[in-house]
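Here is what TrEMBL says about this protein:
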- 35-64: region 'Disordered' (REGION)
- 39-48: compositional bias 'Low complexity' (COMPBIAS)
- 131-165: repeat 'PPR' (REPEAT)
- 232-266: repeat 'PPR' (REPEAT)
- 333-367: repeat 'PPR' (REPEAT)
- 469-503: repeat 'PPR' (REPEAT)
- 547-639: domain 'DYW' (DOMAIN)
């Protein structure tokens, strides 16, 4: 299938090229008859365009030839036919028309569209009269293809030539600023926009929003958005993306509702952005609403929207729905394959992820994101041999250089399998600089296997990279506590206090009847506080009868055992589960989200709870999904 598709593509491309070249040479043959004095290209020497030549162009035969050259160049630009365009350029040079402003502008346009920026720039420099359109073409070429600094430099050269940028210039140069996160130049250009009166133009506004968003300045992006009163769907989409890309998914969804109230019809971009925002914060009801909106807007057969829905349902815990939607895709590209493979991986369905990857290799070409999903599946499933095989396959067969994400997966896999020395050796051999994800994976593995010395090394590296992240300190502190090394616990806590570092607050939330209920550890603020703790006590009694024994080893404080038991039994996820048990119908599934990793004791307790209450309980923590059912977890106690 893959070979047939490639053959068809090559055949189609050669057909287009043949058509262009056929038209090109036929037109040139006709032009030879029209050249002045009956001259032919072989007898014509290169010469400069003179006033006499230009005057002759207005004559009947030469004017017709000039018009034909213009039309030929238009055709080359429209079809991005670089090779015929170069041949036509050579002929124009021989005729003395190589630097004719009109024809040369079209040639620059062709070269830029075909990403041949060096000849475009060389020709640009030789054109005597350069208008805004010509400057915009070259700035756009660099803004699209890089180097982006060249686009910004050209913009300032344009100002030096006393030309006034227009509503085409600004979006192109701001795109270059976005690519470089060049906030200083971006702000300066914004001032020029204000002075030139283009601040309320929708296209310029969209470019400003994108630039500020890429630089992390969301409030500035919103200010630019608010300046424009006549907003089209492109402008709304730019602001939606600005919120979504900067981790402000709730605001993106709120703006989507505002957009609907303003009577703006959602586009493909609107839906993809907002569905992805729903996925990022795992809000299934809003995701379902957007799924319905996609149907009402006629995008039920749109594969880009469907791929976003596959990703959303997988991240919201409905992996079966995601798989059904994936099966309905008309054409599966690498993005859709990646979404489904990563979805299986985060749920711990390693076998399904790897089977899908094998199927993908027959139909599509995997990229580096594919292998992040595959290696993550191996890591979550404890598939050491498979992980090694795919890591090697990625480099040797697909020529994909490992990124820090790939190394993180491998360190996590090796560490979880107890190969800590091998994991440390892999870090030493990394072709990229290890980041906090790599050292964090090693630290977590050390915690699992009680490897204190290596954990201390990992923490040292993490402090260098993330000096204010309390979670790293807590992991090592818990290791000290489990080993009974209370002096080291106190020392580490004092170090945190001296640095002004506070332990991250753990919280969990559950959505019941379209309302989100959030709980902290030991929370007593909920209106149903009495009922929640009564249910918690009832369930605690049932699971103890079933064999549950609290493990208080990970409790941070050096306190009495009874108090430790009380503290661990009132963790935020248990309060959310107790609330769900008393507010939802018997037998219905509970979906809990937690901002931190589920602790070992809660993981054991929830397995018992799923059994004694006959409930399926899904927990999404900071790392992955856990599906608890009938006393077992989808992770196989490997996480």
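Residue positions begin at 1 at the first shown residue.
Yeah, the Cβs are placed from backbone N, Cα and C, and that goes for glycine too.
Helix first, then strand, then coil: DSSP counts for the repeat 'PPR' (131-165) stand at 27 helix, 0 strand, 8 coil. Listed by sequence, the residues of this chain that lie at least six past the ends of the repeat 'PPR' (232-266) yet keep a Cβ under 8 A from its Cβ atoms are 202-203, 205-206, 209-210, 212-214, 216, 218, 221-222, 225, 273-274, 276-278, 280-281, 283, 286, 290, 293-294, 297.
Mean pLDDT across the repeat 'PPR' (131-165) comes to 95 in this model. Residues of the repeat 'PPR' (469-503) grouped by DSSP class, helix first, strand second and coil last, total 26 helix, 0 strand, 9 coil.
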